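Colleague: This structure is in structure tokens; I'll ask about it shortly.
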Amino acid sequence: MKKITINDLMKWKQEGRKFATSTAYDASFAQLFESQEMPVLLVGDSLGMVLQGETDTLPVTVDDIAYHTRCVRKGSPNCLLMADMPFMSYATPEQACENAAKLVRAGANMVKIEGGDWLVDTVKMLTERAVPVCAHLGLTPQSVNIFGGYKVQGREQDKADRMVRDALALQEAGAQIVLLECVPAELANRITQILDVPVIGIGAGNGTDGQILVMHDMFGISANYMPKFSKNFLAETGDIRQAVAKYIEDVASGAFPDLAHTIA
């Protein structure tokens, strides 16, 4: 696989070419994903739940993400590698810059932060200092205590309109990717069509430019709850490599997510 950059994703958006992405946490799986030409990987703070056994992502630290970012980069030298900025690691723009630098030094090409237009100054400061940003909207797991649980976001018209405004503001501030989680497909389609930058969805229908799954959900090995929008591709194929290939193929064709894995 050739080296993937944000320019490739922008080109694919313009061409209408959909792309698959996945979380990854170690060199072995990163190498497997690269062998199947997975273009984008995310070292997610989901590692707190799927690796560390926590009930949410809040205990994850910058050092945790940096460690796993180094591991993934060694296994996949050519992917576009995103790294989550954990809870309270970007409370101020200055703090965000300091912590983002640690993740870039660990091998990340881009950092992902959760939140709306209150992050505009942070996104501007990061991009001005050569740190690309993915803005995460919708269900932002670090806000679980504010939301009162993991709930679909953007069903009410005023909240949907607010999410559109947030997406535009973050793009204007310099965000190069927007990730939408657990939002109605119609809203995700609207945001995808309005934005110039690529939009990646999870639980947001198949109208986004890309899709992402937590790798443990893709293989059906999550310890507890399996979200409605996830699919066990290993059960369908019986082989890990074939499962990854099938996921990539189904995203590219628009077969995944289908209605059974879409939030209305």
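Placed from the backbone N, Cα and C atoms, the Cβ positions cover glycine too.
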Colleague: Out of Asp26, Asp64, Asp84, which is the one Swiss-Prot records at the 3-methyl-2-oxobutanoate site of Asp45, Ser46, Lys112?
Modeller: Asp84
Colleague: State the Cα to Cα distance, in Å, between Lys112 (3-methyl-2-oxobutanoate binding site) and Glu181 (active site, proton acceptor), rounded to an integer.
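Modeller: Cα of Lys112 (3-methyl-2-oxobutanoate binding site) to Cα of Glu181 (active site, proton acceptor) measures 13 Å after rounding.
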Colleague: Please give me the CB contact count at 10 A for Glu181 (active site, proton acceptor), counting all chains in the structure.
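Modeller: Its Cβ shell of radius 10 Å holds 24 other Cβ atoms.
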